[in-house]
Amino acid sequence: MQLLTLHLAALYFIVHISSASGGAHRPSRQVLTGNQPGVCRYGRRLECCYGWKKNSKGQCEAQCDHGCKHGECVGPNKCKCFPGHSGKTCNQDLNECGLKPRPCEHRCMNTYGSYKCYCLNGYTVMPDGSCANSRTCSAAHCQYGCEEVQEEIRCLCPSAGLQLGQDRRTCIDIDECVTGNNLCPYNRQCVNTFGSYFCKCRSGYDLKYVEGKYDCVDLDECASSTHKCSHHAVCANTRGSYKCSCKSGFRGNGFECSVIQDSQVKPGILGGTLDNDDIKNIITEPVATPAPNIHQQPFDYDGEVYIGPGTDQGQVDEIPEEEEEEEEKEEEENNQLNSRGDVFKFIIDCNFDQGACEWVQDKADDMDWSVAYHNSAEYYMAMSGLLGESEDTAKLKLLLSDKAQQGSFCLTFDYRVVGRNVGTLRVLLGNSAYPVWEQSQSRDQGWQTELLTVAWKEEAPQSVVFEAQRGKEVGGEIGLDNVVLTSGPCQDDVSPFV
């Protein structure tokens, strides 16, 4: 018996030594611990597992390279979506109405991130999606079911984007894009749907994953060669768009550029150049004044920058000095004389798409005007009722050129005020603190055209200021577009502002 005990002790010692020596050469490997998610044991060390990263609190949290738009990251590149969403990054709407079993007994309407149940006529929707027979609802003839509140029958609409019509039984759509009751940021365009809306990237922006979220990022049309500038023009990227300007030696609007003819001629015509040897032998000869150009459009281009009609060349509707004295006296009452003594009229288009004027946001105001879109291409300037506080002002300055400062002119512009108590739009001259025009509503909340005669007695204004002041209500907007300056008083305006 004593001999058997010695044999067993020797065998245990040999097995213990062999296991210890084998473990000494075994490589370190990752062992997941059950105490904390994402923590692994590497030999005697505890570190974050692969695909996990230690946060500021010292805890290991999972990393999802593409983000989880409507969910949370629960493991390496693994998202747990919130109810109503699906997809690898939880960026897709889950159509609950297509699930089995269906969540609604009678009718189901899918909404973004959720769903709505409604019942057939004569039934009332219950909290669990079922429909209960209701004789009172049957008599109400509601389109989408009804509910009984304090013994009163009220028809229901299945979405917050629907409202009861005049008959109080059927539901009609609310256009959140028109009413301003949407939360689309400046770089996204509101698209109305039946019962709701969604925001899509505006033209000139592209949806990208940036800094842990999806956002509409400016698309550089110049770098991606998706612009439509002429081969003889330079493309300059802007936020949400781009601009084209003709290169030196060409003229046009940037989309179409043509060669400037006779760019090197004798002195006295278009500033031509000559060599020193030519200058020594030149004999100055009288040069005839070129005939005035009759332009087919109300503004011109100077060199490579689109600036509208110039003061020294290319006047629109120019009347030569040689006309009869009687006609000249009649025109002098409504027109100013330029430095050459010619009577002229002008029309300057200052629209925001491809206008010929210079606009400046006032830095001393409370907020800025923002870009809004009529459609995917044309845009206007607006002050949103969703931004800022009550009584905040946004000022947009139209800097007047020398031509516009030579005499009175007609200021034409389109405006609209959408929403109740959204605010007030005013027009001020740069050298005055008092408005010459203001309006706090527009007919049927649609676009209207206004004509103002701007004149002065002493010092000419340097600018025209469009000031929008925010009202008390949240939502809606004040819009401005199609600003045009025309020489002389307005046709339909008899009381000029001085």
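Each Cβ is built from the backbone N, Cα and C atoms, and glycine gets one as well.
The signal peptide annotation in TrEMBL covers 1-20.
TrEMBL lists 93-132 (among others) with the feature domain 'EGF-like'. Model confidence over the domain 'EGF-like' (93-132) stands at 83, taken as the mean pLDDT rounded to a whole number.
If you look up TrEMBL, you'll see 173-211 (among others) marked as domain 'EGF-like'. DSSP states for the domain 'EGF-like' (173-211), grouped as helix (H, G, I), strand (E, B) and coil, give 4 helix, 20 strand, 15 coil.
Among the features that TrEMBL reports, domain 'EGF-like' is placed at 218-256 (among others).
The feature region 'Disordered' is assigned by TrEMBL to 310-337.
The compositional bias 'Acidic residues' feature in TrEMBL is assigned to 318-334.
The domain 'MAM' annotation in TrEMBL covers 348-492.
Beyond the domain 'EGF-like' (93-132), the same-chain residues lying 6 or more positions past its ends with a Cβ under 8 Å from any Cβ of the stretch are 70, 81-86, 138, 141-148, 156, 158-159, 195-196, 198.
Per DSSP, the domain 'MAM' (348-492) is made up of 6 helix, 69 strand, 70 coil. As a summary of secondary structure, the domain 'EGF-like' (218-256) carries 4 helix, 16 strand, 19 coil according to DSSP. Helix, strand and coil content of the domain 'EGF-like' (93-132), in residues and according to DSSP, is 3 helix, 16 strand, 21 coil.
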